[in-house]
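Report on the following structure.
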Amino acid sequence: MDAARNRRSHGLIWIWTLFVALVIYLPVACGALAGLSKGRYFLFPIRAFSFEWWEKTLDSLEIQRIVQTSILIALIVTLVSLAIAFFGALAFARYDWRGRRLYQKLLLLPIFFPQPVLGLALLLWFNALGIQPSWHTAIVAHLVWIVPVVTLVIAIQVYGFDPAMEEAAADLGAGRWMILKDVTLPILWPGIWSGALFAFLLSWGNFPLSLYTAGADSTIPKWLYSKMVAGYTPMVPALGTMSTLAAATLLLLGGAIAGFVRKRRAN
Amino acid sequence: MNMTFTQQAETPPAAGSAADAGADPALPVLQLVGVSKRFDGFTAVDDISLDIREGEFLTIVGPSGSGKTTLLRMLAGLEQPSSGNITLRGTLINDLPARARPTCLVFQSLALFPHMSVGRNIEFPLKAKGVAAAARRARALELLKMVRLPEDYYGKNVMKCSGGERQRVALARAFAYDPDVLFFDEPLSALDYKLKKLLEKELKDLHKESGKTFVYITHSLEEAMVMSDRIGVMRAGKLVQVGSPEAIYGAPANRFVAEFVGEVNVFPVSRGDGGWVIGETGEPVRVALPEQMAGARQAAVVVRPEYMRFLEAPGDADNVVRGTVYNEYSLGSRMQYQIRSKHRVFLVEMSRAQTRAGDGKGEVLIGWNAEDAIVVEA
């Protein structure tokens with residue numbers, strides 16, 4: 001009786017989980033299918049499939065340029081935000097100092113600020129300073145939003161870090177550099193690694209900040225939007241699918257590397 | 001930084017280096033003079049002066065919050081004293097950082113590096129000194145043997161070791177640094193009783209074999225008694241008494257130390273017109289006053305439960321109390337009785353072999369002789 005009820009509730013949980021997964025991933029799948037349509041316009045159901053638009057997308061010089069821009073922005077954002085967020089996270093979670101609580105609150109603010117408003121504010125700010133918006137300014141805008149996120153991600157790892165580790169290392173004769181290289185960084189590594197993935201993917205997929213602050217330069221999300229507004233071609237869903245697949249691949253690769261390192265450490 | 005490295009590179013890592021250094025045995029290895037530590041209006045360590053002797057096993061005991069960890073951290077160089085001086089063989093080391101001191105602390109959490117194997121943990125201080133990889137490995141294997149871990153633990157993930165094994169790894173790592181003084185911050189507190197007992201004895205052996213100075217802190221006096229040459233008792237940042245385990249047990253400096261040492265019968269006494277009386281009740285009591293308290297009008301009398309006896313007749317002891325047994329506990333090889341008299345509860349303890357058929361039942365006479373009681377400042 002109990003076993004039967006247990007099985008039934010188990011079954012219901014499975015059905016519900018599958019339903020939610022379907023609702024979440026179906027639109028992504030539809031987008032992918034739209035990019036594989038032979039026709040010029042988006043019609044459903046799709047009558048003929050082809051890789052024509054994928055080929056066109058891959059061949060397009062314009063798209064090559066915006067992909068390069070997107071990658072460049074995301075890479076620079078990742079590196080700069082890691083450098084800032086690592087020390088920021090130590091200040092956030094490791095050290096006790098006057099003004100720490102205020103710092104913790106100020107740091108969270110940009111995350112909760114609506115991004116279009118943040119983008120507009122930054123654009124006005126660049127204008128006031130007389131800076132021509134381009135992909136350079138987009139990097140700054142991304143950093144304003146992404147650095148706090150990455151700081152929080154790393155700070156979570158820092159909270160679980162026993163400060164006695166660093167003290168023990170110093171007590172055993174290690175200098176600051178050796179402590180950082182051999183103790184602090186390796187122990188915080190999982191947090192830094194996930195922070196890096198966060199930074200790259202948040203920059204890669206960011207639309208509102210790029211829209212306002214990239215000026216004449218375009219990124220993938222910005223280009224997708226502008227083509228949706230005017231001049232739709234199936235290259236839009238094709239590029240969207242590629243972008244999603246690239247992000248997913250990066251995430252899987254990141255997870256695999258983290259898993260590999262963890263396994264090697266555990267012998 | 002370079003100074004330390006060259007200095008230590010000259011001394012090959014070997015046991016008993018403290019003796020090689022030609023240290024003057026009369027000179028304390030570490031000396032504290034009026035050392036205090038204050039944190040925002042709170043005094044953790046309050047004006048402590050103490051000589052730590054070359055090669056001794058000194059244990060600082062005290063309840064949590066008594067400042068013993070702060071004291072140890074100042075000795076290790078992880079904390080700087082707010083006032084007072086710490087000297088190492090005559091050299092002032094107040095501001096010398098931990099990594100430049102010939103001392104090493106075994107943390108309460110052990111602070112083993114979780115991302116390193118057992119071997120790499122032990123080699124860490126050697127790596128910091130710039131010892132070549134092959135020599136590091138050879139020394140790590142030696143140390144594994146010393147702490148009684150098998151050689152194949154060298155490559156084992158330190159997080160997969162048991163509590164007792166981690167303890168040994170931490171000890172080996174501290175020895176790899178080859179310090180003159182080792183500090184221990186309650187490293188055994190998380191272990192189960194049996195393992196703790198075993199490691200206490202091993203630590204004591206290691207102390208003897210290595211000839212190094214050990215400074216150990218704990219809240220357990222039992223632990224201190226087993227291992228130490230000398231014990232220091234701390235309370236509220238102050239060092240209340242320092243002495244041999246026998247002195248701490250047999251001649252506690254005050255009521256706090258006496259009560260800290262174990263379960264005791266303790267009550268206040270005062271000098272009345274016709275002699276000493278028990279504080280609240282005025283019952284007469286015979287007290288053997290130590291010389292240094294000759295003029296005292298107030299005192300506390302401490303009678304250890306093992307000095308309390310069941311009596312046949314009222315004349316069998318200096319002080320006699322009539323009471324009823326209302327509880328008896330088996331302490332393994334010993335028996336403990338709780339006896340309720342008119343005014344208070346007394347503890348009587350004896351070895352199981354000494355108990356007689358009539359003991360511990362109904363109304364009894366108990367008592368103690370004046371010279372078996374310890375009289376301390378109230």
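Just so you know, glycine gets a Cβ as well, placed from its N, Cα and C.
The domain 'ABC transmembrane type-1' annotation in TrEMBL covers A:67-254.
TrEMBL lists A:12-36 (among others) with the feature transmembrane segment.
What TrEMBL records for A:71-94 (among others) is transmembrane segment.
Taken from TrEMBL, the feature transmembrane segment applies to A:106-126 (among others).
Taken from TrEMBL, the feature transmembrane segment covers A:138-162 (among others). Below 8 angstroms of C-beta separation, residues 73, 76-77, 80-82, 84-86, 88-90, 92-94, 107-111, 113, 115, 118-119, 122, 184, 187-188, 190-192, 194-196, 198-199, 202-203, 206, 209-210, 212-215, 217, 219 of the same chain, each at least six residues beyond the ends of the transmembrane segment (A:138-162), sit close to that stretch.
Per TrEMBL, transmembrane segment is recorded for A:183-204 (among others). Remote same-chain partners of the transmembrane segment (A:183-204), defined as residues 6 or more beyond its termini with a Cβ less than 8 Å from a stretch Cβ, comprise 70, 73-75, 77-78, 81-82, 85-86, 89, 142, 145-146, 149-150, 153-158, 161, 165-166, 169, 174, 220, 243, 246-247, 250-251, 254, 257-258, 261-262.
As annotated by TrEMBL, transmembrane segment applies to A:238-261 (among others). Within the chain, the transmembrane segment (A:238-261) has long-range Cβ neighbours (under 8 A, six or more residues past its boundaries) at 28, 31-32, 35-36, 53-54, 56-57, 63, 189-190, 193-194, 196-197, 200-201, 204-205, 220-221, 223-224.
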Residue numbers, six or more beyond the limits of the transmembrane segment (A:71-94), whose CB comes under 8 Å of its CB atoms = 100, 103-104, 107, 135, 138-139, 142-143, 146-147, 150-159, 161, 163, 188, 191-192, 195-196, 199-201, 203-204, 210, 219
